Amino acid sequence: MSLNEYLREKAGLKGTKVMCREAGCGCCAVTVSHLPTDSNTVKTYSVQSCLTPLYAVDGWQISTVEGIGSQRDGFHPIQERIAKFNGTQCGYCTPGMVMNMYGLLHQKPNITAQEVEDNFDGNICRCTGYRPILDAMKSFSEDANIPGRKAIDIEDLNKNLCPKTGETCSGNCGSRSLDLEISGARWYRPLTLADLGKVMKANKDKKTRLFFGNTSTGIYKNDGPFDVYVDLHRVKELFSFQATDTNVRLGAATTLTQFLEKLRGHQEKPGFKCFSQVHKHLKVVANVMVRNAGSIGGNLMIKHNHKDFPSDIFTTLEAAGAQVEIFDTASSAKKTVPLLEFMTSVNMSGKVLTAVILPRLADNVVYRTFKITPRWQNAHAYVNAAFKIPFADMTVKGQPSIVLGGISADTIHAKKTETFLANKKLSAAVVKEAYSTLRDELVPTESPLESSAKYRKELASGLLYKVLLGLCGTKNPKVRTGAEDLHRPVSSGLQTYQEMAREFPLKHALPKVTSTLQASGEAVFVNDMPKFQQELFAAFAIADVGSAIIGSIDPSEALKIPGVTHFLSAKDTLCNDFPQPMNPELFATKEVFYAGQPLGLVLAETQPLAIEAAKKVKVNYSKVMTPILTVEDSLARGKEFESKRKTTVIGNPDDAWKSVDHTVEGTVSMGSQYHFYMETQVTLAVPSEDGIDLYASTQNSDLCQFAASRVIDKPMHFINITVPRVGGGFGGKSLDTSTLAAAASLGAYKTKRPVRLSLDLSSNMRMLGKRPPYKATYKAGFTKEGDVQVIEVDYMVDVGFTEDGSFFTTYSMGYLDMCYHVPNWKIVGKSMMTNKRTMVAVRAPGSVPAALISESIFEHVAQALGKHSTVVKELNLYSEKQTDLTGHVLNNCTVRELWRRLKDVAEVDARIRQINAFNQENQWKKRGITMTTCKYGMCYFGAGHGATVTIFARDGSVQISQGGVEMGQGLYTKVAQGVAHILGVPLDNIKVRPNQGVISPNSVVSGGSVASESSMQAAIGAAEILRERMKPIKEKFPDADWKTLCEKSNASKIDLTARFLNEHRMGSPYINYHTYCVAVTETEVDVLTGESQIRRVDIMADYGESLNPMIDIGQTEGGFVMGLGNFASEDTIFDSKTGQILNDGTWNYKPPTTKDIPIDWRIHLLPDTPNPSGIRSSKATGEPSIALSVGGLLANKQALQSARKDLFGKEDFIPVVAPFTVERAQQSVGLNESLLAV
């Protein structure tokens, strides 16, 4: 059992969340306090509880987010600060953020802003865009320029007293040895190396796991099970540290965090200057909480047991010439061997790694390391490398050491290159031959989860070039920066906006009303609800092939497991068929259409049991076919849904082609993005006296209620649905939650017991829909000035296995013009069938692919004319009253005003000149800058949202129940602000209650960005009814306060409950209004590696009169960063044979983290622009900004096109592919060894 399981399921401390169970997301963070074996001082730090074994923390003090502050006992300053800075949205990640900072401040009370940013590498947030979280945490630093900055009071770090002694933790409870029998396995905690030896000898014939941090289980989940577990935390000999003039010796149990401290403490000493490079490298190994838990020895043992593991510790230490000390339990003898020998020749059965020894290096040794990754933090390397080169007088003095990771399991040293460079005097010819030697000896393995072999070979050469360039120096100033790494300073943000004091608290910049509850872990999500009596846990058995005919399904092996109670399949349903847009079947019956398709449901007494049993359900396929996984394959096999083909013609494109001066043609493609909401899908179904109480994390309560009733053939009133809150949705909980609602309802109905169905991350990613991939070809015709006259686009959309996904083909077509007026269009959209789950909406499903296509076309036009893209785009912007692609007249079109203002505020013209000068002076570092736009159509679709407002007469407090779903977008807050304004009561006098089907039935899905304003208007409508009812009482008692007024109204038999349905009609043709925004994005790229960083982003948005500027800016930032992931790092990877998703976890799927956001980020809301077509003159804000982030990709392309012009004299347009990964960026240049001159 993990610490997380114990805290949540046994102790009932649900503030500590769980998501990935891989130590990759940070939401499960807690702090631990104990007395380390090598110290007399209690240490407190943060760890990820999901991988921390429960018995490993015996005797330790564990602090959870509830323990440091609450609404009853008072919030902790960290909780208050993150709430005040609007650092919460859905709130699911927030407790982990708080506890990471709590542990960090224990380690470094006088923390710097840089240290904050360096140490938030293990916490993922999909909602906020990180900027407000970082600002909140940096406000505790001693050097940040942040309003409200105040250092932590040391007393606030020592309030958690030991429940046994009533004093601060002494650390004396965890010093005992352990010998336990746990579920048939043995658990030991020895105190000495001799005791450890006895344990290992006594169990020499058993499968034994020695562990310290247990972090490897997040990567290698199938290791084990083991007969014996040995906890090394108290073996004192493993914690030694000695430093002499000749070496530094560290015990194998030295944590990576302690290793960093030791490196920093000795890096200025003669012979140990290389420690500064190792220190820099280790700061990007895993994340801070993994580094707190994991040890040097543990990391090296992972590499020893899994040769393919790209261990940064091994790479850096092997190049430095490290040795290791090994204890043989059979002979009780110690032996010191070179690290390489340990890794390649030593059988560690019956042996223990006890120490690592780092030698002093000669004064003439140059030591340098690299780690090139898909994102800046918390990612394993494409390639890691370390170079140790003795060098003087332009000559390599002896044999260098070149160690490379990520090439293959067998590649460690570049031996031939080392031999070639030995004792060589460096010259252009020698350097060139070194590249050639390295290229010839490296044979990278191919894997769909790794970058291409070609890239890794070229990257290795590029890293060698960086080292040799640094050694040789150069007379050519243009190439000098090639030796340098990209440097990222501390990030900063600026926000400007207008408030409307006359309507306060509406249109006031306020944090979310539930933010402190989220920060204290008291906000209850579905899976936080207490366990019911006789509750069962559920897990789906899913298909492991993408296209097959089912022969039989055999759950017998699963049902043999003690604690597994039921297996339900299609034959157990009363209705297995569902109408669009849902899955056609709850459980597959005859044919499998995608790997991950549900086949049945396992019920068990615990969640881990259900997950284990689901994997043991055997499926026999009578026929297995090769799955269709790309639009190209679908086209080749004639699998287009031809009836869904959509063609749009505007103007007269045939004639337009005859009058243009120039044309360009190109292609654009985009991969698939997973929503990555932090709370995975979960539903809880509880039988009641006359139905089922259903608790669902969904954006669409009405659809879930329908699905849950249909599967058991009951009317909808049989299901009483409640949506407490949603831990992130982004469209992913609009349709797919109906599958869980139906399955959980079926389980509860069949067993007459409560059933909790909570998907693990892997199942969540494999089962459910994602953003559809696109492949487009285009042709554009334009004048010599850049006025685009005609565009033809032919695109294919991967819609999945049903034609329901063809919605996206049509929907994205209407966004292709974005903010650019083109009089003539011909667009053909094709919906292609693949063996994937039918695609679903992901934040801004139409504008994201459309922005990529549209902005790419205008970038291409500009490049063809030799103009900067801002010039061409500005020329083609829409003007007031023009008609867009969908036939809407653009009234109140502010895009030209936004463009003009932002271009001026962001000093675009001056920065273009600066970037041009920089690019002329630098060959290997290049910068780009572009402007992007979004015209996002807002539509009040569906039946609208209803709200019920109740005033409690005795005290005047107000309660609101409404049909919208709170998922982080601030819906509850805006609803409360609106009602407070209408009734004239303080905001804290109002509570917004969860969405309940019995009170707010028939609610339309909370999506399309409009749910907040629609729900608020419904609540305002109900409040206005109440105000009108109470008006005579107010006139009769003009001096009465609010409480008295409510009492007298009630005494006068006035109904103090009112309901209102917001019935806003759709616009004509269907859009009610457009939200406009513009961005400027500047980036810098390392041409040799493909790494890049976003130097600055400026955004200006027209949000009308913002209902809450703080929340709307938060939506803007969160959307933009989610888009950065789509365009730079995120895609789903499939096994070409089975159709299974391969990157179904945090190890291989990489959304942005804190150092992927803009370094300098400025956001401005356009003032004095009320929206006459919106609710309360406002505009919706949730989705428009995501399209702007395509500017990061396009600015990088501009930078790389500058490199191609420098290197080859080419001014061609690089084809647009998203995500434009680090690998794709480097490969787009077309480097070869002849260009790597010193």
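Numbers here mean position along the shown chain, with the first residue as 1.
Every residue, even glycine, has its Cβ placed from backbone N, Cα and C.
No curator has checked TrEMBL annotations; they are predicted automatically.
Per TrEMBL, active site, proton acceptor is recorded for Glu1183. As annotated by TrEMBL, [2Fe-2S] cluster 1 binding site applies to Cys20, Cys25, Cys28, Cys50. Taken from TrEMBL, the feature [2Fe-2S] cluster 2 binding site covers Cys90, Cys93, Cys125, Cys127. Annotated FAD binding site per TrEMBL: Ser295, Ile296, Gly297, Gly298, Asn299, Asp308, Leu353, Lys371, in sequence order. Annotation comment: TrEMBL describes Gln699, Phe730, Arg843, Gly1008 as Mo-molybdopterin binding site. Under the heading domain 'FAD-binding PCMH-type', TrEMBL lists 180-363.
Neighbour counts of Cβ atoms within 10 Å were compared for the binding-site residues Ser295, Asn299, and the top value is held by Ser295. Distance from the CA of the residue listed as 'active site, proton acceptor' to the CA of Arg843 (Mo-molybdopterin binding site) is 6 Å. Closest to Lys371 (FAD binding site) by Cα-Cα distance, out of the recorded positions Cys20, Cys25, Cys127, Gly1008, Glu1183, is Cys25. Annotation: Glu1183 carries the greatest number of neighbouring Cβ atoms among the recorded positions Asp308, Glu1183 [cut-off 10 Å, Cβ to Cβ]. The two recorded residues, Cys25 ([2Fe-2S] cluster 1 binding site) and Leu353 (FAD binding site), show a Cα separation of 30 Å. When the CA atoms are compared, the recorded positions lying within 10 A of Gly1008 (Mo-molybdopterin binding site) are Glu1183, out of the candidates Cys28, Gly297, Glu1183. Regional average pLDDT for the domain 'FAD-binding PCMH-type' (180-363) in the model is 95. Around Cys28 ([2Fe-2S] cluster 1 binding site), the same-chain residues six or more apart in sequence whose CB sits under 8 Å from its CB are Asn4, Thr16, Lys17, Val18, Met19, Gln48, Ser49, Cys50, Gly96, listed in sequence order. Listed in sequence order, the recorded positions near Phe730 (Mo-molybdopterin binding site) (C-alpha within 10 Å of its C-alpha) are Cys127, Glu1183, out of Cys127, Gly297, Leu353, Glu1183. The maximal spread of the Mo-molybdopterin binding site, taken as the longest Cα to Cα distance among Gln699, Phe730, Arg843, Gly1008, is 13 Å. Cβ neighbour count for Cys20 ([2Fe-2S] cluster 1 binding site) (all protein chains, 10 Å cutoff from its Cβ): 24. Between the candidate binding-site residues, Cys90, Cys127, Gly298, Arg843, the densest Cβ environment within 10 Å is the one around Cys127.
Of all the binding-site residues listed (Gly297, Gly1008), Gly1008 has the fewest other CB atoms within 10 A of its CB. Note on proximity: of the recorded positions Cys20, Cys90, Cys93, Glu1183, the one nearest Asp308 (FAD binding site) is Cys20, by Cα distance. Cα spacing between Gly297 (FAD binding site) and Cys90 ([2Fe-2S] cluster 2 binding site): 38 Å, rounded to the nearest whole number. Listed in sequence order, Gln89, Cys93, Met97, Ile133, Met678 are the same-chain residues at least 6 apart in sequence whose CB falls under 8 Å from the CB of Cys125 ([2Fe-2S] cluster 2 binding site).
The two recorded residues, Gln699 (Mo-molybdopterin binding site) and Cys20 ([2Fe-2S] cluster 1 binding site), show a Cα separation of 22 Å. Considering only the recorded positions Ser295, Gly298, Asn299, Glu1183, Cys90 ([2Fe-2S] cluster 2 binding site) has Glu1183 as its nearest partner by CA-CA distance. Sequence-distant contacts of Leu353 (FAD binding site), defined as residues of its own chain at least six apart whose C-beta falls under 8 angstroms from its C-beta, comprise Ala252, Gly297, Leu300, Met301, Val324, Glu325, Ile326, Phe327, Phe342.
The two recorded residues, the residue listed as 'active site, proton acceptor' and Cys127 ([2Fe-2S] cluster 2 binding site), have Cα atoms 12 Å apart. Cβ proximity to the Mo-molybdopterin site centre (mean Cβ of Gln699, Phe730, Arg843, Gly1008, cutoff 8 Å) flags the following additional same-chain residues: Gly729, Gly731, Gly732, Ser734, Ala841, Val842, Ser1006, Gly1007, Ser1009, Gly1182, Glu1183.
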